[in-house]
């Protein structure tokens, strides 16, 4: 089913609040559980994504002053009255361990800003901090070590809710300021205030498909973007720019199978792809608050110091301190009357872990009269029926699902699986009207589309043999868990699944109703293939704390 929106369009991202969607007659979670649907694969769709060439104009550093800001992005703080502005100045370096990095103190981190429609108001100045990071390889490849340009982070505070601001970033003392950009703050957190449109996309990469996704996202004028892991895909390249061919690599994300080869053991990445990605995404990230959720491709382990997530945690700003997690891997923030919780699939989550303890404390503190909607997001999906990913994150689910269920999380977004899937409300593999709706949006442009399901004919194992239909017994942090019987048909908790590249849009209408849509690359930007009203029932599903 392809659904056309009736839209009131505008020409600029800054006027996103004027864009509306008029919808009638779509199914609702109140109608559920809905019968499982598997959308047929489009015969004209190439399921393999091809990377854009390194010569793509959007990758190239602008020919300008050395310290002029680039790779500019806006991200939210915990509440409406604060945002972060991040950017890069200078050029990265590739060389030996003892090569001198750029000095962060050689250029200031300053943002000048004011309300968009108050022309006579003096600009305000905010200052921040700057860093550089290193990505180091084994001693034999030390000549390929990467040192970033200077990465700046500035927090703006005291902002008004739902207000358009204009800003420039850089160092005015060096005449090294960016052009003017715009962002809109989130509405104040009440049961009546929500951002008009929230885009959710995962596993973007830098492919021709990513170009289409980015263009469609911009045309839909979002107020907020949530990007789930799989950004630059720098880890799919060696440090010498050689692309790793993993298309025939039949192994899980832990690299436990014998044929994984260099795809999971090289210990190398090509870090300049992070710079390409920052430039490529700037038309979106410089104007629309964008929140990042780490996934597998952001781990990037460094062989000699065991450091992980260096690029991810250095390049973006997170409301970690404001939300009390003090970690870029998991944090929370408010977007009007919606409370978002970001978790990490690749760090410890058992009940004695820092992540679990923080999650429980964050859930306890939520005021549902101010933020009725609670949305959680992380990389590995708990409820995927695609072959190779069925129950892939089982140990994480076992440790955390009760928490999310008892505190009545409404929606969960995941990525990692290069396909789209939406569940009925579910808890512990059982249909439950108080369980979350789980949505996998891991087809943002990169990788190869998953087209086989665990229940497809030929994928169902012989029950007389000792066979696991789950590709992995663990997900890189905890011990394996016992598997269950493989399904012989699409599980009833799987409401809709489709192999297509695209992204999703969440529009929260009020404290009980939200509209979700899946937008495919092969369709026009205003068309949706899967649309449903997600309805909360707080009277029936009270918080069990």
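Using N, Cα and C of the backbone, Cβ positions are placed for all residues, glycine too.
Annotated signal peptide per Swiss-Prot: 1-25, in sequence order. Residues or ranges marked as N-linked glycosylation site in Swiss-Prot (evidence: sequence analysis): 125, 145, 240, 254, 306, 321, 351, 367, 428, 466, 475, 510 (among others). Sequence annotations record features per position, and here Swiss-Prot assigns Fe cation binding site to 203, 233 based on similarity to another entry. For 389, the entry in Swiss-Prot reads active site, proton donor, with the evidence type similarity to another entry. The Zn(2+) binding site annotation in Swiss-Prot covers 416. Sequence annotations record features per position, and here Swiss-Prot assigns substrate binding site to 416, 417, 418.
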Sorted by sequence, non-416, 417, 418 residues with Cβ within 8 Å of centre, substrate: 202, 203, 381, 384, 386, 389, 415, 419, 440, 442, 443, 447, 450
Number of Cβ atoms other than its own within 10 Å, given for residue 145 (N-linked glycosylation site): 20
Residue 145 (N-linked glycosylation site) to the residue listed as 'active site, proton donor' - Cα separation in whole Å: 34
Integer Å distance between the CA atoms belonging to the residue listed as 'active site, proton donor' and residue 351 (N-linked glycosylation site): 24
List of residues, in chain order, with Cβ under 8 A from that of residue 510 (N-linked glycosylation site) and at least 6 apart: 191, 192, 194
Those recorded positions, out of 233, 240, 306, 321, 367, 428, that come within 10 angstroms of residue 416 (Zn(2+) binding site) at the Cα: none
Rounded Cα-Cα span from residue 417 (substrate binding site) to residue 389 (active site, proton donor), Å: 7
Rounded to the nearest Å - Cα separation of residue 240 (N-linked glycosylation site) and residue 428 (N-linked glycosylation site): 45
Spatially closest candidate among 203, 233, 417, 418, the listed binding-site residues, to residue 428 (N-linked glycosylation site) (Cα to Cα): 417
Cα proximity to residue 203 (Fe cation binding site), best match among recorded positions 306, 367, 417: 417
Which listed residue (306, 321) has most other Cβ within 10 Å, given these are glycosylation sites: 321
